[in-house]
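Okay, so here's the structure we're looking at.
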Amino acid sequence: MSLLTGVYGLFVREMLKWFRQKIHIIFAFIVPIVWLILFGKSFNISYLLEAPVGVPEPIREAVQQAIQLMILRIFGTLDYFNFFAVGMLNAFALFTSMWSGMSLVFDRRLGYLERMLAAPIPRASIYMAKVLASVAKGLLQFTVMLILVFILGLSLKPGINPLDILAVYLVMLALMLALSAVFTATAVKITSHDAVISISNLVNLPLIFTSNAIFPVEQMPAWLKSIAAVNPLTHSISLSRYLLLGIGKPSAMTLHSSYLLIFTVGCVALGSYLASKYL
Amino acid sequence: MREEAVDVDALSVVYRNSVRAVDDVSLVIKRGELFALVGPNGAGKTTLMKVLTTLLKPTSGRAYVCGLDVVREAGQVRRRIGYVPQNLSADDELTGMENMLLQCRLYGVSGREAVKRSRQLLEVVGLLDAANRVVASYSGGMRRRLEIAMGLVNTPEVLFMDEPTLGLDVQSRLVIWDYIKTLRKQEDITIIFTTHYMEEADKLSQRLGIIDRGRIVALGSPEELKRRIGGDIIALEAEGDVEGLLRRLSFVDSVSLVNGGYRVKVVDGEENLPKILNTLNENGVKVRKVTLIKPSLDQVFVEFTGREYKEEEPPDYLMQTFIRSSRRR
Ligand SMILES: Nc1ncnc2c1ncn2[C@@H]1O[C@H](COP(=O)(O)OP(=O)(O)O)[C@@H](O)[C@H]1O
Ligand SMILES: [Mg+2]
């Protein structure tokens, strides 16, 4: 039997269960809306930094111009919502992937894991099916969010073409694969759902704050910068901002994509190894 | 090459908390047998079965299923066996049919063949009408039947069933017995099941092993084992020199003490019970209680362990299995 025996069936199982639990679906799509609309639209940096009215007109114009240049330098776009929304698309890849271990915990509890372990399929298949299902859910959620941010006024870079969108999907695929691989692997040995929840909660916000999801890396202190440099989110966010908004130097993208690729391959390989050894 | 269905040699399993769940067990089960492993809760039935189904590595000793080493050739063993676990483990958010199709896929059967086989097996266990309902809506008996059907998708050479009637009412248990018997008749299959109901092992199996505290204490056909008691048993509660008085009687085989009562083994109990009572009476022994017991597997258990057989589940039984299943293997 091949390495992938059973993956398809188990993947379909995960998806069936997900679609059947209406509550999962609602959460998967309502929570991003809350973040995007309530958080994304409540912070309007262009308004906050408008030159005050009392300033004499010619100077005011100049100041206003200077401020706009400054915002553009920091965020790469005049509307912070653009910057934030793309960050959030990536953040939600994390928020969704970090629960990927839970279904393994429950399968262990409810005895289904034993059933899978008794079947003549590779241990890694059980693991990969969970990872792929988590990625599929993430990509569906991503699609809905992409449409939503567009409706909310995301201004795509001029002359964007379908290949850019395809490339963003590949970036998200890589990111979700890597993160789901890591979080599913935590549940290979950890058998209590409390522990898995704690781990997820412990790492999720730090991962967001040490990336450029909400604030640009350039203005961080050096020690934070070096953490951001190894955080896969930084790289996927830079790539997706480049592809969707045209922010960032084209020359930097090779580094970002190489890092993301290597990180993803590493995580999936390590996770599969742990699963085949310890599941 | 027709190796034995199961060949276990000096097998022990010690859990991390140093519980010796299986203790130096050796056992051969031939092809085509309907074999029962019977014993009280915590005797080690599930543990032994997990070793045979490759889910647990033994601490020492060897086990072969269909001539294959369960540790070194685990993958091959898995392909040839079916396993119906003690805990209900079909996915209850999926329908019966979906569970069957998925189970087929796990054993490399897909497409039309999977649908055909699933329908066939669901029909055998009488679940075709409920095939498209989610398992959460099934009764306990239906769920057990589904579990059995799921254990058969790969037409296994050896089918392992861990307490297939656990938690069922009498009616549903009889239905499961019927399926097991039919299965046994139709297919060239070895069936090994565990139970803590002595009566079930007696009625259903061709051969059985009684397991207690990790050890096989008796092995044979139900008739053989009952014959080994060598007569009927008269249980007595009385004060005085019961042992001394009764040992003198020619038809009394042995007298022993179990749980503060006397166990008197006699030939032809109906005939000799009055004589025993007379003897005791004449010698001034006051008999408080007397029971005539025909040979049964319960008595075989007492015979080999010196303890009464209690088959009722401890009250925290479900809780224990819950904790156990969530614990690391
Ligand atoms: N995972 C485990 N860790 C530690 N002890 C266990 C574990 N599983 C079972 N045991 C212990 O091993 C013994 C045998 O258990 P088990 O094989 O489940 O018996 P049975 O199936 O006959 O009821 C019991 O004392 C039980 O408490
Ligand atoms: Mg058991």
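Glycine residues also receive a Cβ, built from the backbone N, Cα and C atoms like all the rest.
Among the features that TrEMBL reports, transmembrane segment is placed at A:23-40, A:80-106, A:127-154, A:166-188, A:195-215, A:259-276. Look at TrEMBL and you will find A:23-278 tagged as domain 'ABC transmembrane type-2'.
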> Where among A:80-106, A:127-154, A:166-188, A:259-276 do we find the most Cβ pairs under 8 Å to the transmembrane segment (A:195-215)?
Replying inline: A:80-106
>> Cβ pairs under 8 Å only, please: of the recorded stretches A:23-40, A:80-106, A:127-154, A:166-188, which one is richest in them relative to the transmembrane segment (A:259-276)?
In response: A:166-188
>> Within the same chain, where does the transmembrane segment (A:166-188) have neighbours whose Cβ lies under 8 angstroms from its own Cβ atoms, ignoring anything closer than 6 residues to its ends? I mean 6 or more beyond.
In response: 89-90, 93-94, 96-102, 104-105, 127, 130-131, 134-135, 138-139, 142, 196, 199-200, 232-233, 236, 239-240, 243-244, 257, 260-261, 263-264, 266-268, 270-272, 274-275, 278-279
